[in-house]
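Annotation comment: TrEMBL describes L12, G13, G14, G15, S16, V17, G18, A19 as NADP(+) binding site. Among the features that TrEMBL reports, NADPH binding site is placed at K106. Summarising the annotation, TrEMBL assigns L-homoserine binding site to E191. Among the features that TrEMBL reports, active site, proton donor is placed at K206. Taken from TrEMBL, the feature domain 'ACT' applies to 356-435.
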Amino acid sequence: MIAYRSLRVALLGGGSVGAQVARSLLEDRDELAHRVGASLDLIGIAVRDVDAKRSVDLPRELLTTDAERLILGADVVIELMGGIEPARTYILQALNSGADVVTGNKALLATHGPELFAAAEQVGAQLYYEAAVGGAIPIIRPLRESLAGDRVKRILGIVNGTTNYILDRMDTQGDSLEDALATAQELGLAEANPSADVDGYDAAQKAAILASLAFHTEVSVDDVHREGITAVTAAQIASAAHSGHVVKLLAICERLIDPDSGVEGVSVRVYPAMVPRSHPLAAVHGANNAVFVEAEAAGALMFYGAGAGGVETSSAVLGDLVSLARRHVVGGPGLTESKHAGLPVLEIGKATTRYAVTLDVIDEPGVLATIAGVFAEHGVSVETVEQSVATATPGGESTAILVIGTHGAREAALAATVADLAANRVVARVASVLRVEGA
Ligand code: NDP
Ligand code: HSE
């Protein structure tokens, strides 16, 4: 027996994800109605071009270019257009008209999240966004609800499938970054302009969303320190493999005590880092995503699966839809975002990380002591030193390669150490500086 009425669902976007959501709403109508307690009536799908070819044959009469009109008649609006505008304006219109909203738009949430959440709270509407991070992987709801009584200490995430695919190819197939990127583009993983992926913008947006939820603090994408993978070399991947590590693009969100003021803050950063092969994140291959969460009571948790794909991501969107539709039927306001902690976001120089520094040095007596002295001067403690193959420079000097692993050190101290090393007579070249995470 289906409950008292139906809910009118407007879909904005009929692309990779939107078309799959529409298909499920039409094909699984009866089953979804039982789960919700009311039928979900798809009243229209707003697109740019109603004649465009689509991955799913959508009923022509549902397609429209008039998104605003569609929103006006809806109880629930699903935004799957992407981009900032007009998505932002449409979501605000929907919320202000009392409709609940589901979106997968990480770019919008990471830049205008506070505005959208405030609008939802003001009218008691619900704004759900499970698809915005990790595609099909349930990670937003676990952070927002399941771990709401715990204290999240740290999140390490592989949240961009394209870069994980590229780094994995470099590690397992010996591909160059350029070749791996070309393959990713051929497979339709990376965009034609892949900057959002390889320069870390996509991961930074997702890091901002995760950090906001985990630490009950507003974190914008502009607060996130971002480094992409374009500078990662085959030599770094090989050197990491030699020492039992794999290089991954990580989104890191962690609570930190400001080393200068002693006040608690958060550090949110995206960069390629070496991860020990024994760490669960090292086993994340191909375009998969995974989010490793460390919480005070729950301990270590890992959320793993498909981080993208129209069908896969539609699962997260439909989960949000069923969840908020149930609440809509029962009545009462939706979940609000808790931003009460208001922790300061600390600059990268205050974060503490371990490092692997590779140097080409002149091979003569006293060099090791000189190098060790530079590290000591900046308070950076050396954990391991490995020296390999001596070669000759064009000038005839004999050189050696030193790989120095540090204990945890402040970014600022390490940066100063590297600057001094680069200027030192005994250092021919600072060949590589990679952070080590998850050890
Ligand atoms: P697509 O580019 O495949 O589809 C976008 C859709 O929105 C198209 O149907 C397009 O119309 C429509 N659209 C775009 N602009 C407008 C506009 N101004 N007015 C009306 N319609 C418009 O995007 P995806 O399905 O890949 O992504 C949708 C959202 O989901 C994005 O926010 C994305 O970040 C997010 N997401 C996507 C994932 C994925 O694997 N694809 C994974 C996780 C999240 P038309 O078809 O006529 O061009
Ligand atoms: N470009 C993104 C990725 C898509 O490669 O993970 C999913 O957000």
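Just so you know, glycine gets a Cβ as well, placed from its N, Cα and C.
Here the features listed in TrEMBL are painted onto the structure.
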residue	record	Cβ contacts under 8 Å, 6 or more apart
L12	NADP(+) binding site	G18, I45, A46, A67, L70, I71, V77, I78, E79, L80, M81, A87, Y90
G13	NADP(+) binding site	I45, A46, V47, I78, E79, L80, M81, G82
G14	NADP(+) binding site	A22, I45, A46, V47, R54, L58, L63, L80
S16	NADP(+) binding site	S55, G309, G310, T313
V17	NADP(+) binding site	L80, G104, A131, G310, T313, S314, V317
A19	NADP(+) binding site	R54, S55, V56, L58, G310
K106	NADPH binding site	Y129, A132, V133, D202, Q205, K206, I209
E191	L-homoserine binding site	T162, Q185, D197
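Under DSSP, the residues of the domain 'ACT' (356-435) split into helix, strand and coil as follows: 24 helix, 38 strand, 18 coil. Only G14 of the recorded positions listed as G14, A19, E191, K206 bring a Cβ under 6 Å of any atom of ligand 1; the order follows the sequence.
A Cβ distance below 6 Å to any atom of ligand 2 is met by none of the recorded positions G13, A19, E191, K206. The binding-site residues G15, G18 differ in how many other CB atoms lie within 10 Å of their CB, and the one with the most is G18. Neighbouring residues of the recorded NADP(+) site, listed in sequence order and excluding L12, G13, G14, G15, S16, V17, G18, A19, comprise L11, Q20, V21, A22, I45, V47, L80, M81, G310 (Cβ within 8 Å of the Cβ centroid).
There are 29 other Cβ atoms within 10 Å of the Cβ belonging to K206 (active site, proton donor).
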